[in-house]
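First up is the structure itself, then whatever we jot down about it.
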């Protein structure tokens, strides 16, 4: 457990931190209240009139964002070993908890005020972006707190991020780059197409991730269509780097487990070989049944170690594949449950259909988020889900490909491509 907390928790924090700041910026760009569309529904196909933002709420949003950016900077310096762990880690935890607490105050006040005093208004996408930022800030700081307690209180690992290798530390820089890229793309295309910034980020997200709903925010301006070409090309490159980093992390985690298992297996078989050399005749006979029969001890050891290493490599791939399937199930079934609870009149099978076609980047567009709560959630859900599915597909290819090739060759040799047995 502490081994997982020492590596995975800082990586989760470094990945979610820049994304949380992006949602905090989205919360700054427009009012948290919007007038309800005619008929009192939660969505409408036309532009809604925005209400002015309170100065106090805006000030709290800015202060919260400053603390969040400070926490990201401290964590980056901590990863780069520019600031010592025992100084940077407590300051990072305090900064993110502070950012969450400061932003939580206007979130609660706005919700209560809207329910009791302003029935003609509804909460906008920016409000739900702020709510997502509050939750993410709290999760990040809690993960880092557990990591700090494991090293400082229980002494389960050193007071540093030394256990993280270079690809793991690079993942944070890649996530920062992608978050900034989404923000820039959202700003550019919202300016060209006269969208709100939050809507521009939502469009940029499902465009770069190749979901492509296309139903609610089609590009109508020639400048926007031409800008789409380089925007998607660069975005796919960044996504590819992030997915490759995540895949390497999954493999490294499985490899660490297999290394410990391999060490235990070698110790067990060394004991078997010792029985062959020094044990009684009965013990030797029992040991011989467990390993390949051979006349020399060195041949036994060589064949045995090759068998153990090959078995470990296969088991490593199966563990990575099983982990990927588990994550896929969580993001698919869990995401479907959240979209099903949204006020949009979807049945749960329709929600499963929507999340499945979205997570596999099919994106028909017949179902798409249409409420102010569903759109921000769709952004963070897709940012977490689609890279995980890409890793799953890669793990399936690497783990199952060999078995499929052997099966095809076996089937072909006994059907349309028989072997030449006389050649």
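Note: Cβ is positioned from N, Cα and C throughout, glycine not excepted.
What TrEMBL says about this protein:
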type	residues	note
COILED	270-297	coiled coil
DOMAIN	177-247	domain 'Potassium channel'
DOMAIN	329-400	domain 'Potassium channel'
TRANSMEM	7-33	transmembrane segment
TRANSMEM	53-79	transmembrane segment
TRANSMEM	91-109	transmembrane segment
TRANSMEM	129-150	transmembrane segment
TRANSMEM	171-192	transmembrane segment
TRANSMEM	227-250	transmembrane segment
TRANSMEM	315-340	transmembrane segment
TRANSMEM	377-397	transmembrane segment
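Helix, strand and coil counts from DSSP across the domain 'Potassium channel' (329-400) read 52 helix, 0 strand, 20 coil. In summary, the transmembrane segment (91-109) does not lie against the transmembrane segment (227-250): fewer than three C-beta pairs, each 6 or more positions apart in sequence, are under 8 Å.
Per-stretch counts of Cβ pairs under 8 Å to the transmembrane segment (129-150) identify 53-79 as the leading one among 53-79, 171-192, 227-250. Outside the transmembrane segment (53-79) by six or more residues, the chain places 10, 13-14, 17-18, 20-21, 24-25, 27-28, 30-32, 85, 88-89, 91-92, 95-96, 98-100, 102-103, 105-106, 109-110, 130, 133, 137, 140-141, 144, 161, 164, 169, 172-173, 176 with a CB less than 8 A from a CB of the stretch.
Secondary structure of the domain 'Potassium channel' (177-247) per DSSP (helix as H, G, I; strand as E, B; remaining residues coil): 55 helix, 0 strand, 16 coil. Here the transmembrane segment (171-192) has Cβ contacts under 8 Å with residues 11, 14-15, 17-19, 21-22, 25, 72, 75-76, 79, 198-205, 207-208, 219, 221, 223-224, 227, 231, 234-235, 238-239, 241-242, 245-246, 249 of the same chain, all six or more residues outside its ends. If you take every residue in the coiled coil (270-297) and average the pLDDT, you get 58.
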